[in-house]
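What TrEMBL says about this one:
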- 6-26: transmembrane segment (TRANSMEM)
- 46-67: transmembrane segment (TRANSMEM)
- 73-99: transmembrane segment (TRANSMEM)
- 106-125: transmembrane segment (TRANSMEM)
- 145-162: transmembrane segment (TRANSMEM)
- 174-198: transmembrane segment (TRANSMEM)
- 210-230: transmembrane segment (TRANSMEM)
- 242-262: transmembrane segment (TRANSMEM)
Amino acid sequence: MGLSDNLKGVILAVASSAFIGSSFILKKKGLKRGGASGIRAGVGGYTYLLEPLWWAGMITMIMGEIANFVAYIYAPAVLVTPLGALSIIVSACLAHFLLNERIQKMGIVGCVSCIVGSVVIVIHAPQEHTPSSVQDIWTLATQPAFLVYVVATLSAVLALVFHFEPHYGQTNILVYLGICSLMGSLTVVSIKAIGIAIKLTLDGMSQIAYPQTWFFLTVAVICVITQLIYLNKALDTFNATLVSPVYYVMFTTFTIIASVIMFKDWSGQNAGSIASEICGLITVLSGTIILHVTREQEPPPPPVGTVTWFINGDSLKSPEEEHLITHHRLDEYYEP
């Protein structure tokens, strides 16, 4: 008996989380080794490009993103998107053992919450209904309910870009992340449409000639570029430990709303299953926030001009952290 589409999606989403969570650790190890032998990336250095570990992390991340892309073809976004929280658990656990970034007791509670919420979502997730052509996807995308969502989303993005960003962009994290999350929801539904078109084409029903396929591809490219621009602005302006959980919560919420409206993920489900999925989602989001809030803060980089050195390529030390012997000249204490 073959695997169901939902199970294929779950396996791919979990594999994606494992790859992406591992990639963060590999790239960080590579960045640290590169910083030990040259100029740190944070101050404009590129020596990390010579580190095999950094490239291993990049390859692992690409593999994870490909697995995540294919997962959206087989399973609904309401199932795949929340499972992305598992990458945070993988990253936190590997950091605990490989980078000495200790997980606090409440962090363990956050990990357990993410796992429990993910299991609840998997158990109650709706079955995927794959459209038979890209024209069917276009019909879903042009239904009144989704068009209202698209208009509301684009209106909110324009308001955030032209009104709120100039006044509040540097002080309110919701401005940049609101733009990223809203555009991200359109990215996911567009990528899902492209994935389904690719799947149908590989099955012998070519979708390349349809203009709708290229429209979805264009929308996905524009949305991804916009996301990257404003996510970089958010990371450059605010603390990464604050950006990560807030962005994950907002992105997941808007993505599920968009997918439920366009692909009707919850149609045919009873109220109990829908309520269980919502509770599972809230549990995952809560666990993600707890895990991020309780993680140890990475020490800030030393100011220029201080004496620092690396121990085993990982541990950064400074004179203030060690008991050092200070040598003075005799004539400093000699009085004639």
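Cβ coordinates come from backbone N, Cα and C, glycine included.
Between the transmembrane segment (46-67) and the stretches 6-26, 73-99, 210-230, it is 6-26 that has the most C-beta pairs under 8 angstroms. Where the transmembrane segment (145-162) meets the stretches 6-26, 73-99, 106-125, 210-230, 242-262, the count of C-beta pairs under 8 angstroms peaks at 242-262. For the transmembrane segment (174-198), the list of distant contacts is 69-70, 72-73, 77, 81, 130-131, 134, 137, 141, 150, 153, 156-157, 160-161, 164-165, 168, 207, 210, 213, 216-217, 219-220, 223-224, 226-227, 230-231, 233-234, 237-238, 243, 246-247, 250-251, 253-255, 257-259, 262-263: same-chain residues at least six beyond its ends, Cβ to Cβ under 8 Å. Stretch with the most C-beta contacts under 8 angstroms to the transmembrane segment (73-99), considering only 6-26, 106-125, 210-230, 242-262: 6-26. With a threshold of 8 Å between CB atoms, the same-chain residues lying at least 6 positions outside the transmembrane segment (6-26) that come near it are 53-54, 56-58, 60-61, 63-65, 67-68, 70-76, 79-80, 83-91, 94-95, 98-99, 122, 125, 127-128. For the transmembrane segment (106-125), same-chain residues at least 6 beyond its ends with a Cβ under 8 Å from one of its own Cβ atoms are 6, 10, 75-76, 78-79, 82-83, 85-86, 88-89, 92-93, 273-274, 276-277, 279-295.
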